[in-house]
Amino acid sequence: MGTKTYRVKEIFYTLQGEGAQAGRPAVFCRFSRCNLWNGTEEGRSAAICSFCDTDFIGTDGHLGGRYTSGQLVEIIQDQWPGATKGEHVQGKPYVVCTGGEPALQLDKDLVLALQNAGFEVAIETNGTLPLPDNIDWVCLSPKGDSELVVIDCDELKLVYPQGDALPERFDYIRADHRYLQPMADFEPVVIASDKLEGAKEGLSVSNTRKAVQYCMKHPQWKLSLQTHKMLGIE
Ligand SMILES: C[S@@+](CC[C@H](N)C(=O)[O-])C[C@H]1O[C@@H](n2cnc3c(N)ncnc32)[C@H](O)[C@@H]1O
Ligand SMILES: Nc1nc2[nH]cc(C(=O)O)c2c(=O)[nH]1
Ligand code: SF4
Ligand SMILES: [Mg+2]
């Protein structure tokens, strides 16, 4: 029996840009592959999730590769200031498992290994696959008409507007926070970023307006802006 390896697109240290933890320093571990889109532009129109803003194919990004649990934990720990250098670790180390769809690969053992290394473990998931039950923070982001198996979460973060996934459809989901996140435009309109020239997508004025209006009419929903895109950070 071979040792299990995880396929990772990229690993980077930044601020969580979205939702209830926005502004919090975090290591992002972006797992390769998704079950709702094959990741190619040709495949986009036929995908269940057709508006994805992320390249999650392969293992060729920053610190990407195929890793055992031990290797992955070490690389993630290395990104946290001071964590492996015997210095005082400030703040609770925080890792966000994302992708692609991280639930295709993330398991209980890896979550536990990250926790044993001192990390609080978060996931960004589309909610169509079962999750390990020891994750500390679950951000559920439903897509189109896909069927959810995750119905309980810390935050529900719905990309808006989605014709097949109107907010009312998720009244039954238990969540401590409910966010609408404007769907990003693939022609960037306004972003206060020095990377504007190379940007493929950014904030959409009209989707943001629609989300603001919806939240003000239905105040159980709050607005989530992708602040990292405004800041020009990863
Ligand atoms: C790239 S996904 C990866 C994690 C997981 N597959 C999911 O969909 O939640 C990370 C987050 O970005 C959001 N997202 C993806 N494309 C977006 C877009 N065009 N505009 C706004 N948010 C988007 C997703 O809804 C999700 O909350
Ligand atoms: N800064 C930053 N915050 C994020 N929150 C969720 C992200 C994701 O792609 O999962 C993301 C991301 O890619 N960058
Ligand atoms: S489910 Fe998540 S990773 Fe997959 S295509 Fe949609 S936004 Fe992208
Ligand atoms: Mg992102």
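Note that Cβ sites are derived from N, Cα and C of the backbone, with glycine treated the same way.
Predicted automatically and left uncurated, TrEMBL annotations should be read as such.
Keep in mind the model is a prediction, meaning the values are calculated, not measured.
So that you can see what the record holds, here are the features copied from TrEMBL:
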BINDING   L15, Q16, G17, R30, T98  substrate binding site
DOMAIN    21-234  domain 'Radical SAM core'
BINDING   C34, C49, C52  [4Fe-4S] cluster binding site
BINDING   F51, C52, D53, G100, S141, P142, K143  S-adenosyl-L-methionine binding site
BINDING   T54  Mg(2+) binding site
Rounded to the nearest Å - Cα separation of K143 (S-adenosyl-L-methionine binding site) and R30 (substrate binding site): 18
Binding-site residues compared (Q16, T54, T98, S141) - the one with the fewest other Cβ atoms within 10 Å: T54
In sequence order, those binding-site residues of Q16, G17, R30, C52, T54, P142 whose CB lies under 6 Å from ligand 1: C52, T54
Proximal but sequence-remote residues of the same chain as P142 (S-adenosyl-L-methionine binding site) (Cβ under 8 Å, at least 6 apart): N126, G127, L148, L156, L158, A165, F170
Contacting binding-site residues, sequence order - R30, T54, T98, S141 vs ligand 4, Cβ under 6 Å: T54
Nearest of the binding-site residues (Q16, R30, C34) to F51 (S-adenosyl-L-methionine binding site) - Cα to Cα: C34
Candidates L15, Q16, T98, G100, S141 (binding-site residues) - the one closest to C52 ([4Fe-4S] cluster binding site) by CA: G100
Recorded substrate binding residues, L15, Q16, G17, R30, T98 - maximal Cα separation rounded to whole Å: 15
Listed binding-site residues with Cβ under 6 Å from ligand 2, out of G17, R30, T98: G17, T98
Candidates L15, G17, D53, G100, S141 (binding-site residues) - the one closest to C34 ([4Fe-4S] cluster binding site) by CA: G100
Residue from L15, T98, G100, S141 whose C-alpha is spatially nearest that of the residue listed as 'Mg(2+) binding site', among the binding-site residues: G100
Integer Å distance between the CA atoms belonging to G100 (S-adenosyl-L-methionine binding site) and R30 (substrate binding site): 7
Around the Cβ of C52 ([4Fe-4S] cluster binding site), the count of other Cβ atoms that are within 10 Å: 20
Binding-site residues near ligand 3 among C34, C49, C52, T98, K143 (Cβ under 6 Å): C34, C49, C52, K143
